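Trainee: For reference, TrEMBL lists these features for the protein:
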- 12-32: transmembrane segment (TRANSMEM)
- 53-72: transmembrane segment (TRANSMEM)
- 78-97: transmembrane segment (TRANSMEM)
- 167-187: transmembrane segment (TRANSMEM)
- 193-212: transmembrane segment (TRANSMEM)
- 219-237: transmembrane segment (TRANSMEM)
- 243-260: transmembrane segment (TRANSMEM)
- 267-284: transmembrane segment (TRANSMEM)
- 290-310: transmembrane segment (TRANSMEM)
- 338-359: transmembrane segment (TRANSMEM)
Amino acid sequence: MCGKMNNGDMLILFLITLFGAIICTYCIRRILLNARIADNPIVSEHRHKSGTPTMGGIAFLFVILLIIAIYYNNTPILIMSYIMLAGGIVGLLDDLIGLKVKEIQKVVVNCCDEVITLGRLDVEPNEEVRVATPKAKKEIDKLVEEGKVEIIGEVPIKTEPGELEKIVFQILLGVLLGLTGVITTIGGFNLGILAFPVVIIAILGCINCVNLIDGMDGLAAGIVGIASFACCCYLYLCGNMGGMPVFIILTGLCLGFLVFNKYPASIFMGDTGSFVLGTGYAAAVLISDIPYFGVLALGVPIASVVVSLLHRANIIKLPVEPLHHTLNHYGMSERKIVLSYWGVTVWLCVIGILAQLYIF
């Protein structure tokens, strides 16, 4: 299959990706269950997720390999598929490193009637928290002796690559995309020597946005799926069909995965999945040259990252990070949070499409 794709070709690509994602996710889920590669929730309100397989993003890799095999003569699809595959492999390395337990941390509950401070956290009455920081570990014995907290369990903490290693690998993904030479303009401006910095920033930002919101059932897959489908609609209205295949692939991957990842999820995508989606979305936005709409469609995760950065810089203080966990902390149900995030994403996309139709 080579040359330009018509509407029928686009539909076939979508169906291949959608059903490929459903079948591969089903198979990978069974394999992960047998291998006991599963999530380990920290607090009791998430205990129902215990034993849910993670690393489900491996299914994305098999679907991408299938697409590469079918569309081996379609250079644009081939380039973007290899970029997403590379992103997924980097995420898979993160997940594999995480299979090794770094340490066992205590989980405690505030059993007094007042707010107490543990490390950097202000812990409400009956709230459960993990004893994670060195400061908290020094304070915990005294608080237990005073009867202010009670140790209710322990949780294994996975080994993670250092922040520097993560950034280096993500930069390499940006360099790889830049070396393809397919990104030359952004917003109509010729990038020239700025192509590599722009691509690297886009890849870094998008991967971390998707990774940050991948903390609730169906949240990341739903938002990226909605944003990708909206980008397809936007490109169609603009008469720009060049970047549509990648967004179609992303939409199919997300919808197929949501069959098993929607609330209550029976599988999580892990870093493997979030890296595939983040890398693919950034690459698709850049190759389609729709930076403004692409950013708007992903506005919810971007806002969440900004809030987290403000928290880490001590400009604002969250009881728990990221923002969706703060909303859950204050009593908003997981399902309502996910639906709200999806809803806001839909509205942002609708606003962008209407602006294209009636303003620009």
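In case you wondered, yes, glycine gets a Cβ from its N, Cα and C as well.
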Trainee: Within the same chain, where does the transmembrane segment (243-260) have neighbours whose Cβ lies under 8 angstroms from its own Cβ atoms, ignoring anything closer than 6 residues to its ends? I mean 6 or more beyond.
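Mentor: Same-chain contacts beyond the ends: 5, 10, 13-22, 24-26, 29, 56, 59-60, 63-64, 67, 74, 76-77, 80-81, 84, 218, 221-222, 224-225, 228-229, 231-232, 235-236, 266-267, 269, 273, 276-277, 280-281, 283-285, 287-290.
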Trainee: Cβ under 8 Å to the transmembrane segment (193-212), counting only same-chain residues 6 or more beyond its ends: which ones?
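Mentor: For the transmembrane segment (193-212), the nonlocal Cβ contacts are 87, 167, 170-171, 173-175, 177-178, 183-184, 186, 220, 224, 271, 274-275, 277-279, 281-283, 285-286, 298, 301-302, 304-305, 308, 322.
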Trainee: Does the transmembrane segment (167-187) come close to the transmembrane segment (53-72), meaning at least 3 CB pairs under 8 Å for residues 6 or more apart?
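Mentor: Not in contact, no.
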Trainee: Counting a contact as 3 or more Cβ pairs under 8 Å, with residues at least 6 apart in sequence, do the transmembrane segment (219-237) and the transmembrane segment (78-97) touch?
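Mentor: When sequence-distant Cβ pairs are counted, the transmembrane segment (78-97) does not touch the transmembrane segment (219-237), since fewer than 3 lie under 8 Å.
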